[in-house]
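Novice: Have a look at the structure that comes next, please.
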């Protein structure tokens with residue numbers, strides 16, 4: 001008999017006023033590789049925290065059999081302790097053996113991942129492990145997880161990764177229950193789409209039959225009413241003997257029509273109700289009017305050299321940033337992408353910028369700096385927007401259920417959505433986005449793609465999501481060998 005390592009029993013846990021986790025019984029088994037999926041704010045991280053004993057469910061119990069290693073989503077704090085890590089692992093992941101304070105976001109993620117993987121446990125929990133990781137890091141993670149000997153539960157919006165790793169899908173539904181599917185992500189998506197199509201067919205059939213019966217009942221009621229009116233008129237007249245039988249026949253027909261109408265209505269009552277297929281809220285980021293620039297190349301770099309600590313990142317580089325284009329900066333962790341974005345934003349020596357350029361900057365770890373105020377208050381304060389306008393923006397992003405929640409308890413995806421909403425509410429004509437896709441669910445990613453493709457100004461961004469880069473970039477600049485190469 002297969003041995004379980006995790007057991008949920010009668011869980012009920014409130015997430016927001018309108019959303020909760022509701023799990024009757026759920027098991028994770030030894031050697032099972034589970035992808036936990038669901039939209040931002042549906043409780044994925046909360047579920048992992050319950051397993052790791054960091055969050056206690058309001059009712060119900062979570063049992064675990066075995067030690068747990070947990071890669072947490074929002075905790076990017078790392079210690080300067082290289083002695084506990086395998087040197088070959090550090091080399092394989094290209095993690096520099098210097099102080100963690102000077103590491104990039106991607107290098108910190110690799111270091112933290114190496115810490116978790118170096119210590120084997122029979123239960124491994126990974127919450128968005130690919131955020132900040134370059135191709136080297138993702139490939140390494142993929143290989144490790146393929147041969148991991150234990151129970152794995154992974155939360156990731158990296159569809160390629162979970163497709164290759166997972167043999168079981170846990171999908172958090174709108175009602176807070178969890179649907180379990182045996183198979184990989186693509187198989188689950190295909191089955192789900194077929195089920196939605198079949199549900200739509202049954203729903204349309206149900207509505208059509210309901211309308212047909214309703215019309216038939218109405219027709220019989222009308223027929224009975226007309227017969228009753230005809231009988232009433234005849235009663236007010238002197239009825240000849242030869243018309244008496246005709247009057248009785250009308251009464252009989254009227255009763256028959258009434259009886260048929262009641263029979264049809266009973267059929268309607270006993271008609272098995274079919275629910276409408278679940279439809280998803282379409283997300284939209286705010287699209288403000290921006291200050292236009294009549295300058296083909298409003299930002300120019302001449303002989304730019306960038307140094308971080310003792311490491312030289314760029315040497316005597318030149319580039320021009322064209323107006324109205326989306327430019328992706330790509331390259332391995334630690335090559336200087338974030339440092340270059342900061343240099344451009346602060347317009348350091350070597351970078352000439354038109355005075356008409358107005359920049360807005362989304363920093364890679366922006367989600368760490370939010371104040372302990374409600375979502376609604378944060379957006380109003382950061383954008384000087386009215387309450388009604390702020391409510392409309394949050395509703396468009398599917399955050400209407402969390403208006404009064406503190407920013408400190410939001411999921412990574414919810415924090416990222418909020419940060420981007422603040423940024424996009426400005427009139428900036430240049431957006432600098434450092435890893436904006438981290439934590440975002442698929443629907444929000446699509447909304448971000450739509451926004452970026454419509455944005456009339458400059459967008460300079462970084463992302464390790466190759467599919468996203470392909471969909472939104474006009475140009476690709478690769479940072480390598482202390483230089484920048486256009487690889488569009």
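Placement of Cβ uses the backbone N, Cα and C atoms for every residue, glycine included.
It should be emphasised that the depicted structure is a prediction, and the values quoted were computed from it without experimental measurement.
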Novice: For the record in Swiss-Prot, which of the ranges 121-165, 211-255, 301-345, 346-390 is the region 'Disordered' one?
Specialist: 211-255
Novice: What other residues of the same chain, not counting 38, 39, 40, 41, 42, 43, 44, 45, have a CB atom within 8 A of the CB centroid of the ATP 1 site?
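Specialist: Residues close to the ATP 1 site, other than 38, 39, 40, 41, 42, 43, 44, 45: 46, 172, 411, 413, 441.
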Novice: Can you tell me how far the Cα of residue 334 (ATP 2 binding site) sits from the Cα of residue 39 (ATP 1 binding site), in Å?
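Specialist: Here the two Cα atoms are 31 Å apart.
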Novice: Suppose the ATP 2 site is 331, 332, 333, 334, 335, 336, 337, 338. Which further residues of the same chain have a Cβ inside 8 angstroms of that site's Cβ centroid?
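Specialist: What remains near the Cβ centre is 104, 106, 134, 313, 479.
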Novice: Restricting to the region 'Q-linker, rich in Glu and hydrophilic AA' (200-298), what is the model's mean pLDDT?
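Specialist: For the region 'Q-linker, rich in Glu and hydrophilic AA' (200-298), the model's average pLDDT rounds to 75.
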Novice: Could you work out which of the binding-site residues (332, 335) has its C-beta surrounded by the smallest number of other C-beta atoms within 10 A?
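Specialist: 332, out of the binding-site residues 332, 335, has the fewest neighbouring Cβ atoms within 10 Å.
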